[in-house]
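Notes to accompany the following structure.
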Amino acid sequence: MSSCMLQDHGLRPGLAAADQSIPYWNNKADNAWQLTAATMVGLQTVPGLVILYGSMVKKKWAVNSAFMALYGFASVLVCWVLWAHRMAFGDRLFWLIGVPGVALSEGYLLSHSTQGCFPMADYVFFQFAFAAITVVLLAGSLLGRMNFGAWMLFVPMWLTVCYTVGAFCIWGNGFIQKYLIDYAGGYVIHLSSGVAGFTAAYWVGPRHSRDRQSFPPNNILHMVFGAGFLWLGWTGFNGGAPFAAGRITSLAILNTHICTATSLLIWVSMDIIVYKKSSVIGAVQGIITGLVCITPGAGLVDSVAAVVMGVLAGLVPWYTMMVLHRKLAFLQCVDDTLGVFHTHAVAGSMGGLLTESSKMASNKLASSSLEQCLSPSGMPSLPALSVT
């Protein structure tokens with residue numbers, strides 16, 4: 001009897017005969033949770049980031065910014081099922097990438113997923129949602145001046161050349177997988193989107209000087225609404241990463257919200273201490289950095305560590321964005337519209353380093369996460385968790 005039927009749910013083998021239409025490996029609880037988690041991640045982008053981007057920019061750029069997010073979501077889905085999913089998670093072509101292939105056949109989508117007790121369709125959908133939000137997060141560096149036609153070409157190119165390589169190397173049995181811990185995308189999603197956004201902003205060039213000097217959001221209430229979608233949607237982001245509805249999933253979700261709330265409070269406190277007033281934009285940035293920082297280790301660290309990570313998530317990116325960015329000429333010459341480099345690259349890499357340190361990651365939790373994520377083939381869905 002497969003471990004999928006018995007894992008963490010106490011099911012008896014005889015129950016499998018109750019419904020012959022359901023394969024023995026398909027755990028209903030895991031299947032339902034994975035689809036729910038994938039939907040929550042999708043809602044982070046549409047409507048979450050669509051609303052957030054449309055409200056954070058000047059009114060003249062609102063429609064274009066929201067449309068960039070909406071197009072990115074749709075474009076990634078088509079590319080993902082036509083070739084990109086198998087490049088990221090399929091058979092190895094060489095050490096950097098998998099073999100491109102279509103993920104549309106009924107036989108493939110209804111087969112047993114390599115990473116959980118549910119059909120492959122769940123896995124394809126969940127990983128698409130991760131890929132889509134990565135591309136749309138990157139767009140935050142380019143708002144306010146990128147031509148929409150150029151964005152239409154950029155999305156499939158970047159997804160194919162960059163995202164699939166990172167996903168394969170760290171999550172898809174690539175050469176980095178055994179050296180790096182990335183629970184839910186601190187490196188694959190946030191470091192890559194932050195660095196790529198910063199690089200793209202450099203080559204696209206800055207906005208007009210008057211737009212850079214005065215850049216108030218056009219609708220603060222909608223901005224808070226979009227940030228709320230992003231925050232609550234992260235329940236599925238980190239909660240879906242173990243590919244099972246088990247104990248580590250519960251811990252990951254709680255750690256996510258603890259770190260985020262702590263980061264928000266620290267960022268707002270820093271604004272009050274330094275600038276003598278609070279800022280809604282600062283609160284939103286604090287939310288984002290907290291979410292990003294906990295992502296590499298949400299199910300691998302204890303909740304005390306989540307508080308510590310939240311404090312650092314509110315302090316370090318705040319310093320790099322509000323202080324260091326204004327001192328370094330190189331950072332000033334790059335017009336990163338929403339500060340994606342600071343909120344995602346800095347926070348994501350910091351979270352990854354904290355997770356990998358022996359003081360922040362627990363051997364017990366790491367071992368439990370690994371056991372929870374084992375497939376019947378014995379292949380872990382997370383990178384090797386060799387915590388010293």
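Each residue, glycine too, has its Cβ placed from N, Cα and C.
Because TrEMBL annotations are produced automatically, they should be read as predictions rather than curated entries.
Note that the structure is a prediction, hence the values are computed from the model and not measured.
The domain 'Ammonium transporter AmtB-like' annotation in TrEMBL covers 32-355.
If you look up TrEMBL, you'll see 35-55 (among others) marked as transmembrane segment.
TrEMBL lists 61-84 (among others) with the feature transmembrane segment. Residues 42, 45-46, 49-51, 53-55, 100-104, 124, 127-128, 131-132, 135-136, 139, 142-144, 146, 148, 151-152, 155-156, 159-160, 163-164, 218-219 of the same chain lie 6+ residues outside the transmembrane segment (61-84) yet bring a C-beta within less than 8 angstroms of a C-beta in it.
Listed as Cβ neighbours of the transmembrane segment (93-111) (distance under 8 Å, sequence separation of 6 or more from its ends, same chain) are residues 80-87, 119-121, 124, 164-165, 168-169, 172, 174-175. The annotation transmembrane segment is assigned in TrEMBL to 93-111 (among others).
Per TrEMBL, the feature transmembrane segment maps to 123-143 (among others).
The feature transmembrane segment is assigned by TrEMBL to 150-173 (among others). Residues 68, 71-72, 75-76, 79-80, 83-84, 87-90, 92, 96-98, 127, 130-131, 134-135, 138-139, 142, 180, 182, 187-188, 192, 196, 200, 379, 383 of the same chain, all 6+ positions outside the transmembrane segment (150-173), place their C-beta atoms under 8 angstroms from a C-beta of that stretch.
The transmembrane segment annotation in TrEMBL covers 185-205 (among others).
Within the chain carrying the transmembrane segment (217-236), a Cβ under 8 angstroms from the stretch's Cβ atoms is held by residues 36-41, 43-44, 47-59, 62, 253, 256-257, 260, 280-281, 283-284, 287-288, 291, all 6 or more beyond its ends. Annotation source TrEMBL lists transmembrane segment at 217-236 (among others).
According to TrEMBL, the feature transmembrane segment maps to 248-268 (among others). Sequence-distant contacts of the transmembrane segment (248-268), counting only residues of its own chain at least 6 positions beyond either end whose CB sits under 8 Å from a CB of the stretch, comprise 33, 183-184, 231, 234-235, 237-242, 278-279, 282-283, 285-287, 289-291, 293-295, 298-299, 301-303, 305-307, 309-311, 313-315, 318, 365, 368-369, 372.
Sequence annotations record features per position, and here TrEMBL assigns transmembrane segment to 280-298 (among others).
Residues or ranges marked as transmembrane segment in TrEMBL: 304-324 (among others).
Within its own chain, the transmembrane segment (280-298) is flanked in space by residues 52, 56, 181-187, 189-190, 217, 220, 223-224, 227, 230-231, 234, 237-238, 241, 251-253, 255-256, 259-268, 270-271, 305-306, 309-310, 312-314, 317-318, 321, 339, 342-344, 346-348, 350-352, 354-355, 360-361, which lie at least six positions past its ends and keep a Cβ under 8 Å from the stretch.
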